[in-house]
Amino acid sequence: MTDATPDYKDTVNLPQTTFEMRANAATREPQLQAFWAQHKIYETLQQTNPGEVFILHDGPPYANGALHIGHALNKILKDIINKYQLLRGRKVHYRPGWDCHGLPIELKVLQNLKPEQRAQLTPLTLRQQAKEFALKTVAEQKQSFQRYGVWGDWAHPYLTLTPDYEAAQIGVFGEMVLRGYIYRGLKPVHWSPSSKTALAEAELEYPEGHTSRSLYAAFEVIELPQGLAKAWYNALGKLGVAIWTTTPWTIPANLAVSVNPDLTYALVEVQPSERYKHLIVAKDLVERLSDTLGRTLKVVATAKGADLEHSRYRHPLFEREGKILIGGDYVTTESGTGLVHTAPGHGLEDYGVGQRYGLPILSPVDENGCFTAEAGPFAGLNVLQEGNAAVIAALQECGALLKEEPYVHKYPYDWRTKKPTIFRATEQWFASVEGFRDAALRAIAEVKWIPAQGENRITAMVAERSDWCISRQRSWGVPIPVFYDKETGEPLLTAETIAHVQAIIRDRGSDAWWELSVAELLPESLRDQADRYEKGTDTMDVWFDSGSSWAAVLGDQQADLYLEGSDQHRGWFQSSLLTRVAVKGQAPYKAVLTHGFVLDEQGRKMSKSLGNVTDPREVIEGGKNQKQDPPYGADVLRLWVSSVDYANDVPIGKNILRQLADVYRKIRNTARFLLGNLHDFEPEQDMIPYAQLPALDRYMLHRLHEVFSEVTAAFDSFQFYRFFQTIQNLCVVDLSNFYLDIAKDRLYISAATGDRRRSCQTVLAIALQNLARAIAPVLPHLAEDIWQHLPFKTPYLSVFQSGWVQLSAQWQDNALAAEWQRLRQLRLEVNKVLEKARAEKLIGSSLEAKVWLYVADSEWRDRLAQMNPRDALSGNGVDELRYLFLVSQVELMPQPQAVDVPYVLEAEGLWIGVGHAQGEKCVRCWNYSESVGQSALHPQLCDRCQAALQGEF
């Protein structure tokens, strides 16, 4: 450039902003979190927002280790909802909680002790160490949750181990006692020999591939009821009732055989026969059993199950008799023989039959899972190992065994020790669900379940569930505040005793139960009888702990929302429902939202052995190899949460995170462009009124109204993936690829304060502020970063104080939108031809091109003619085809192929030609124009740029 050539660089309005192109999340996100904390943004909004209170009640995670990706999904979903509600002006109350008692924490403590330390362990020292472990874990997890950008009352979380919480829980228990819902009874429960404790349903898992030794056996029938055909009585002497079981070890506890009253049973002749010449089996199973047993079974006579009731048989291993009794719908012909071996001490259905017929509850198995003396020759043997084998051998020896075979099925395991459980009758404390089941089912129907199928799931579970065993034989938990008479074993549990213990626990915590004497724990009126009583040693099921959280946190209020994984239909949702309905007669929640589990990119469960675990900390901070696993920051993790359909199981992995980081960058770069081009814009004085805006800008406001209305609907319906898709589409398709692409010419080369530029800045300012608000629930750090870089003043310190998106009804213009959709479609067609010309090097930039255009529709042609003024200065400088297509010139043709050009696209009613633009290139705007060279003062500029320098374009 010679001295004589003017430099127009300083006359161009280039973007200016200190907003970084890169997020630098590792440093920037903690700075923004410190800003929120310093200015108490959450605390202030929680109190000063004008709207109603919104309570999302936190399901307490278990305080026994580092957080996994499922925790991140859960807590971020909650935070998205809470932040949206804050932006909508509601007073959000969110008090995070932790589940701090129970066996997993006990096990962690025990694992860290040497054998001699374990031998000397008292309940109080174990409890002290368990408490220390839980509190340390809570502190670590709290830090992680806060790093995710999750807001809440972190200074006052609820912990199930604090005295006020434990006292509230004792209060719930006491209310249930007084209403007659708590009882003590001998009943089969899921018993874990490996943990030596009873387990609730929620503490079981059913791994694939468990193989049991199943067997078919026959018990000798010695008496039949009257009214059967003669053939039945003729068979006595060598007649067996055939049963099938997958738990041979329960045969010593057999007291009955159950039939279905409505099924047809057959008396079959066995060929070849050994001990039994005849067997009783379900008629529909004769053929299948013939194959299984390897014998011919010939039907001799039939009878209904109801007709076999009260038949008597001899136990094959013990000197006692049993009866054929009526069972329930669980007796089917799907497997086995159609007759069910019944041991009331070892199964819930068996227990139900036993209760109906007044059978004793025989359970000859101790807490270690070994046979007791009641099992005679099997005493001392482990029922799941050598005890099982010994029973099978004994049945073989006495001729009762018909067949043994391996059986693969789902079997309950202890979720903590990963060892099999058994059903075993023990003295336990129960909540009688029967007493309030109907009320619970009515309460379920009044709740909004998201997704809707959650209602069917929990309804079926509550309708079918048995009474809830709430006692545990562990030290680390809330004590069941019961005293037992030393002589009679009678429990002492009254309103007075419970209230007294509750007051002590509120004051001193539950350690007091172990620290204080019986005399100190009894109320004044009973103190002189202290020698008669001893303290109970059972603690409450941890599901009763967390299920009482409504009492400790909500009091009489109902939460607006509970939100947890879909496994909580049988866990926390249910335990909370049952305790609240029992005490208050209503559900603790108005709505319940569930999410699926997190899988890897191939849809597999995560496991260390597969090496497919995504650690949320690594997503945020990066892995050991930061090139391979870069630090994406919390916002990218949160963007992932918004992108998945959480109603199902959701995938995550390196490829997914890379794609999300790319989407995040696009949103960030869009915001950076908007910020940079508003550096000299003051909304109060520079905004152009809606009526004076060019059509393109009014169309863009229509699109913003559509987009942000869709985002609002997405948040209102908890469909965050719709937010993700809509915002991504706005930033990429509507803004970057369309509006901002066209806007650069207006923003950079127009007169700085001219309407052509200010009208565009008006749209940018509206888009930017609403974009920041709309992404704030999901991308709070990015939204706040944008807000802190706004080049103009607003009344709000933080984006979260600015409220939700602000839209005007007048922006909606469907006719205008329809026209611009058609124009955008035309632009896409023109771009196809421009791409062809660019690929073959006719042009570099599209500004080097001229477009020739023919449309057959005469009305449309007239409209396009209005958008194609004769010269650069006679239109409005915005709503023109040359700007829409990003070319230097457009010529409308009276007919197709009226000009010979190198690049053409022909379609129905449409012809597009592209050639090189006419005239010279303007050094300032890079458009080609025949006006370049005509000005003596600015010979290198086009007429537009000359006018812009005069402040007229």
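Using the three backbone atoms N, Cα and C, a Cβ is placed for every residue, glycine included.
Some features that Swiss-Prot has for this protein:
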- 61-71: motif ''HIGH' region' (MOTIF)
- E564: L-isoleucyl-5'-AMP binding site (BINDING)
- 605-609: motif ''KMSKS' region' (MOTIF)
- K608: ATP binding site (BINDING)
- C922, C925, C942, C945: Zn(2+) binding site (BINDING)
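On the structure: features taken from Swiss-Prot.
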residue	record	Cβ within 10 Å
E564	L-isoleucyl-5'-AMP binding site	21
K608	ATP binding site	7
C922	Zn(2+) binding site	25
C925	Zn(2+) binding site	21
C942	Zn(2+) binding site	29
C945	Zn(2+) binding site	27
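Under DSSP, residues within the motif ''KMSKS' region' (605-609) fall into helix, strand and coil as 0 helix, 1 strand, 4 coil.
In the three-state DSSP scheme, C922 (Zn(2+) binding site) is classed as coil. Note: the Cα of K608 (ATP binding site) and the Cα of C945 (Zn(2+) binding site) are spaced 64 Å from each other. Residues C922, C925, C942, C945 make up the record's Zn(2+) site, and a Cβ search at 8 Å around their centroid adds I749, V923, R924, W926, N927, S929, V932, L941, D943, R944, Q946 from the same chain.
C942 (Zn(2+) binding site) sits 64 Å from E564 (L-isoleucyl-5'-AMP binding site), taking the Cα positions as reference. Mapped onto DSSP helix, strand and coil, the motif ''HIGH' region' (61-71) counts 3 helix, 1 strand, 7 coil.
Checking each of the binding-site residues C922, C925, C945 against E564 (L-isoleucyl-5'-AMP binding site) by C-alpha distance, the shortest gap belongs to C925.
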